[in-house]
Amino acid sequence: MDLKADSEDVDYKQPAPIEDFASRSTLHGISHMFTYERVCIKRTLWILFFLGSVGALALVCVDRVQFYFQYPHVTKLDEVAAPLMTFPAVTFCNLNSFRFSRVTRNDLYHAGELXALLNGRYEIRDTHLVEENVLEILKERANFDNYKPRPFNMREFYDRTGHDIKDMLLSCYYRGVECNAENFKVIFTRYGKCYTFNSGKDGRPLLLTMKGGMGNGLELMLDIQQDEYLPVWGETDETSFEAGIKVQIHTQSEPPFIDQLGFGVAPGFQTFVSCQEQRLTYLPPPWGDCKAAPMDSDFFSTYSITACRIDCETRYLVENCNCRMVHMPGDAPYCTPEQYKECADPALDFLVERDNDYCVCKTPCNLTRFGKEMSFVKIPSKASAKYLAKKFXKTEQYIADNILVLDIYFDALNYETIEQKKAYEVAGLLGDIGGQMGLFIGASILTILELFDYLYEVLKYKLCRCVKKKHKGRGNKDRGAVLSLDDVKRHAPCENLRTPSTYPGNMLPHHPGQGNFEDFTC
C-alpha cells in the first residue's frame, strides 16, 4: 500500500472521428465534405455548395426575423347578425346656449360682455345692429343705475337659460311607442344644457330594438326656438351663427364630446340617420398602439377617447385657470364669466386647435362606434304647412324656420366587427425558418441537436485530456519526495541492524546521508 496514492487514470472515451459522424449525420452534404476519400475536387465542390446553402439560409432567416420584429398586423372585417341590439345613446344640443327671454339684469351685469351683448363699460354694443324691440328690452335690463349685483354662478346660469326639453320637444316616438321629456336626461357640454335619450342613467334600463329600418328607432320633432336666440353683435365662444341642433350617437359608457364629434341637423328638414354598430378591436404595442390599461381618472371608470380628452382638458384648465367649465367634472370651482373670457376659453381653444402634445389620448383596445348614412327631405311641404301651423299654433314661417324632424334607426339588425390580428407570430417564424432549413441544408431541430451533441463530446474529451496532463505533471514532481512502503521493505533497514551497513547518500532525496540507527526506527 502506497503512503500517498497516485490519481486514478480515468478512461475518457474518445469521440468518433468526424468522418464517421458525418457518414451517419442527418445533415445533408456533410458526409461528402468529411470523408476518407482523397478526391479533393469533389470535396471542394461539396464544401462550396454547402457554404452557399448556409449563406442563403442565413439571408432568408435574417429577413424572416426582421419581418417578425416589424410586428405586422392585418385587419379582419366581418358582419354578425343579432336577434336584438341595444339602441345607442343619442345626445343633442341646441346651437344657442342661452334663451334671451331668460337673461336677467344680474345675468347681463356679470355675463353681458361674455355673451357679446355689452361692452366693458356695461353699455349695449353696436346699437345700430339691434332690432328695435330687442333694443328696448336690453335698455331696460342693462340699466345698472343704483344696481346692487347679486352673486352669480355659471352653472346655474347655463341651467336656467338653456333651452328646455319640454318646450323644444313637439313629438317623440321610439319603435312606434310615444315617449316624452322624462325619457331625456340633462347633460352639460360646451354648448351648455343638452339632453341624452337612452342614457341608462338613474336606473333606467337600456332600450333594445328587434328590427332594422325606419320606424324601429327614435323619431323626434323639435322646435329650435330661434326667437329665443341671443342677438349676435360680436364673435365669442358662447355665440353661434348657426341655427339648429348638434347630435352625437354614442355608447352609454362614453360621455358625449358633441362640439368635436357631433353632426348638425338643420330646421326645415327631416333628417334620416341610418346607423350600423361597429365593434373595433385593436392590438396593444408592439403590434398596434391601443391602450390596454384601465382608466386612470378620478372622473371616469371606463376608458374612452372622449373620457380621456375631457379628463385632460379639465386638469389643464384647473392647473392654468384654477377653475373648471360648466361641462367639466370634478370639484374645482366653476369659472366666473371673467375667467371664461380671459383664461378658460382661450386656454381650451389653444388645447383643442394647436397643442397636439398635452392631451394625447390613445385608442382603447375595444371600441364601439356607430357608422352613419344621412339623407334629408324638406319639411314642411306646401301641403302640410298650414296643418302644422294650426296644430302647433304657430305661423307657417315659424314652422319653416324652427321645426325639424330627426329619425335615427339601425339599417339592419347586425353589427360589423373590425379586428386587428397579428399577421406573423412565433409559430409562423419557426415554420418559415424550419422550412428554409429543410430546403437549403435538409436540417431540423434534431439535426442541430446532433451537431451540438458531437461538439460537446469533442470539447469534453479535449478538456479532460488537458486536465489529466496537468494532474500527471504535478504527480511526477511530487513522486521524487515521497518514499513508498515498498522501497522501505526492499532495503530491509531492520535486518541491517545485525549486519552493519550504510545506505547510499541519495536514498532519501534532499537530505544528507546519515548512520544506520539514525535513518529509521523499526
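If you go along the chain as it appears here, the first residue is 1 and each next one adds 1.
Glycine is treated like the rest: Cβ placed from N, Cα and C.
As given in Swiss-Prot:
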type: DISULFID; residues: CYS93-CYS194; note: disulfide bond
type: DISULFID; residues: CYS172-CYS179; note: disulfide bond
type: DISULFID; residues: CYS290-CYS365; note: disulfide bond
type: DISULFID; residues: CYS308-CYS361; note: disulfide bond
type: DISULFID; residues: CYS312-CYS359; note: disulfide bond
type: DISULFID; residues: CYS321-CYS343; note: disulfide bond
type: DISULFID; residues: CYS323-CYS335; note: disulfide bond
type: CARBOHYD; residues: ASN366; note: N-linked glycosylation site
type: SITE; residues: GLU79; note: site 'Involved in channel desensitization'
type: SITE; residues: ASP355; note: site 'Involved in proton-dependent gating'
type: TOPO_DOM; residues: 1-49; note: topological domain 'Cytoplasmic'
type: TOPO_DOM; residues: 67-425; note: topological domain 'Extracellular'
type: TOPO_DOM; residues: 457-522; note: topological domain 'Cytoplasmic'
type: TRANSMEM; residues: 50-66; note: transmembrane segment
type: TRANSMEM; residues: 426-456; note: transmembrane segment
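When the recorded positions GLU79, CYS172, CYS179, CYS194, CYS312, CYS323 are screened for a C-alpha within 10 angstroms of the C-alpha of CYS290 (disulfide bond), no residue qualifies. Sequence-distant contacts of CYS308 (disulfide bond), defined by Cβ-Cβ distance under 8 angstroms and a gap of at least six in the same chain, are MET295, SER297, CYS359, CYS361, LYS362. Across the structure, ASN366 (N-linked glycosylation site) and CYS323 (disulfide bond) are spaced 33 Å apart at their Cα atoms. Cβ neighbour count for CYS290 (disulfide bond): 18 (other Cβ atoms within 10 Å of its Cβ, all protein chains included). CYS365 (disulfide bond) sits 19 Å from GLU79 (site 'Involved in channel desensitization'), taking the CA atoms of both as reference points.
Nearest by CA distance to CYS323 (disulfide bond), out of the recorded positions GLU79, CYS172, CYS179, CYS312, CYS343, is CYS343. Scoring each of the disulfide-bonded residues (CYS172, CYS312, CYS323, CYS335, CYS361) by how many neighbouring Cβ atoms lie within 10 Å, the top position goes to CYS335.
Regional average pLDDT for the topological domain 'Cytoplasmic' (457-522) in the model is 56. Each of the disulfide-bonded residues CYS179, CYS359 was scored by the number of other CB atoms within 10 Å of its CB, and the largest score is that of CYS179. Note: the Cα of CYS194 (disulfide bond) and the Cα of CYS172 (disulfide bond) are spaced 16 Å from each other. Cα distances from CYS179 (disulfide bond) to the recorded positions GLU79, CYS93, CYS312, CYS335 are smallest for CYS93. The two recorded residues CYS172 (disulfide bond) and CYS93 (disulfide bond) have their Cα atoms spaced 16 Å from each other. Annotation for CYS321 (disulfide bond): same-chain Cβ neighbours under 8 Å, separated by at least 6 residues, are CYS335, GLN339, CYS343, ALA344, ALA347.
Sequence-distant contacts of GLU79 (site 'Involved in channel desensitization'), defined as residues of its own chain at least six apart whose C-beta falls under 8 angstroms from its C-beta, comprise ASN414, TYR415, GLU416, THR417. Secondary structure at CYS172 (disulfide bond), taken from DSSP and collapsed to helix, strand or coil, is strand. The disulfide-bonded residues CYS93, CYS194, CYS343, CYS365 differ in how many other CB atoms lie within 10 Å of their CB, and the one with the most is CYS194.
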